[in-house]
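Copied over from Swiss-Prot, here are the features:
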- Gly169, Asp170, Arg171, Gln172, Thr173, Gly174, Lys175, Thr176: ATP binding site (BINDING)
- Ser362: site 'Required for activity' (SITE)
Amino acid sequence: MEIKAEEISEIIRKQIKEYGTEVAVAETGTIISIGDGIARIHGLDKAMAGELLEFPGGITGMVLNLEEDNVGAAILGEFSEIKEGDSVKLTGKIVEVPVGPALIGRVVDAIGNPIDGLGPINTDTFGKVEVKAPGIVKRKSVHQPMQTGLKAIDSMVPIGRGQRELIIGDRQTGKTAVAIDTIINQKGGDVVCIYVAIGQKRSTVAQVVSKLKEHGAMDYTIVVAATASEPAPLQFIAPYTGVTMGEFFRDSGKHALIIYDDLSKQAVAYRQLSLLLRRPPGREAYPGDVFYLHSRLLERACKVSDDCGAGSLTALPVIETQAGDVSAYIPTNVISITDGQIYLESDLFYSGVRPAINVGLSVSRVGGSAQVKAMKQVAGTLRLALAQYREMAAFAQFGSDLDKATQMQLARGARLVEILKQPQYRPIPNEKQVLIIFAANNGFVDEYPIGSLGRYETELYAFFDSRKATLLGELRDKKAIDDAMKGEIIASLEEFKKEFTA
């Protein structure tokens, strides 16, 4: 083999030309104590609050406390392999998570890593977990409806796109059911849904995902799961991860819906973190900034002005109360941050009224301006009628001889309560909700026994689908009832009345 000196010298010359000295400088510190997902690190003098840290084994952390001689950090992942004396690097970055359409249909953990076994997520877009909420100029008042498909909510506690509506109630009152039905109702629409599970059992999350798949809802849904077995830092950061993913769609001019299930568990995780970081405890041992924890999260859900893309992010946070105590610390905080609440009551739930919405305590502060006009026309008196019925029913327990008018009002009220009941996973389109409430308000169901009203409703929908499809379509498109349409609806209901036998 012949060695050519020119060739070798040419290669050496080329390599010298391309040679560049790049020295990577990273500030490192040493772990002085670790446990319960919290590490104290000495030597990170240039660390910034909220900065991302790199621990051995590719695990990341987040700076939470800046103290005189050390830094307190939350470890975002499994910390059993990390030990005292290990070195930690500053990254100079803030915690980021993957965002974009590639996440739709996937189940990810609290920092955006896929956990559904469907391979990696192909996206180059990342979003910062902690960003400032849009300012006043960038916002617009809520004016478009966000249909839940639940008669009791769409008629009396309407939700608009960009609203924050709290779902509050004791355990096992159907809070998650309301949220899941709302997701299922977005099928065929233009809303991307994000379901954030915080501190729930893995079996529960798996059940939710399988229900969403069964109803074809995973085609437009992202699930972020920080289950009960995850360390507290991951349960604390999961809602911020979810809202970052939602903001991508909001800022792209699209519409998104995010459900935090539930923020009570996030507050508990944050309390645990704060106490371990030795921050001074306040009321109920929560840290002083627990209000800010939720306010900065929920302020990121809004309706964006037309100049900024006209997108929206609607938030449905869930709060679990203890024995119906709405005046506890976290419930009062979140009630004051949100634009209204849907209050679910265990007494109603056990008496068979499902969804178990207490109409008297539930309110939507901004949704009224977003409600479909047809629904506003038929449901305007509904809340008052139900309130009067509840009051009369309470008095009627004491007296037996009631006058005719009172008896009629009680009968009508009982039928309204029955009409507003709805089975789970069966959201109803808005035009059909309008029909059944119109029928109940105008006395079309008064003569039937309460037990047959479920069948009346099912058969009424089938009748309109098969024989009055044009009228139904007109109601769907116009979204309002004029005199001519009112006459048509009454005539159709009279026609159905002749055919229906209780």
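Note that Cβ sites are derived from N, Cα and C of the backbone, with glycine treated the same way.
Bear in mind that the values here come from a model prediction, so they are computed numbers and not experimental data.
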Q: Round to a whole number and give the Cα-to-Cα distance in Å for the pair Arg171 (ATP binding site) and Ser362 (site 'Required for activity').
A: 17
Q. Looking only at Gly169, Gly174, the binding-site residues on record, which one has the least crowded Cβ, with the fewest other Cβ atoms within 10 Å?
A. Gly174
Q. Counting other Cβ atoms within 10 Å of each Cβ, which of the recorded positions Gln172, Thr173, Ser362 scores lowest?
A. Gln172
Q) Across all chains shown, how many C-beta atoms besides its own are within 10 angstroms of the C-beta of Lys175 (ATP binding site)? A) 26
Q | Cβ neighbour count (within 10 Å, all chains shown) around Asp170 (ATP binding site) | A | 18
Q | Rounded Cα-Cα span from Ser362 (site 'Required for activity') to Asp170 (ATP binding site), Å | A | 14
(Q) Can you tell me the CA-to-CA distance separating Lys175 (ATP binding site) and Ser362 (site 'Required for activity'), as a whole number of Å? (A) 13
Q. In this structure, which of the binding-site residues Arg171, Thr176 has the fewest other Cβ atoms within 10 Å of its Cβ?
A. Arg171
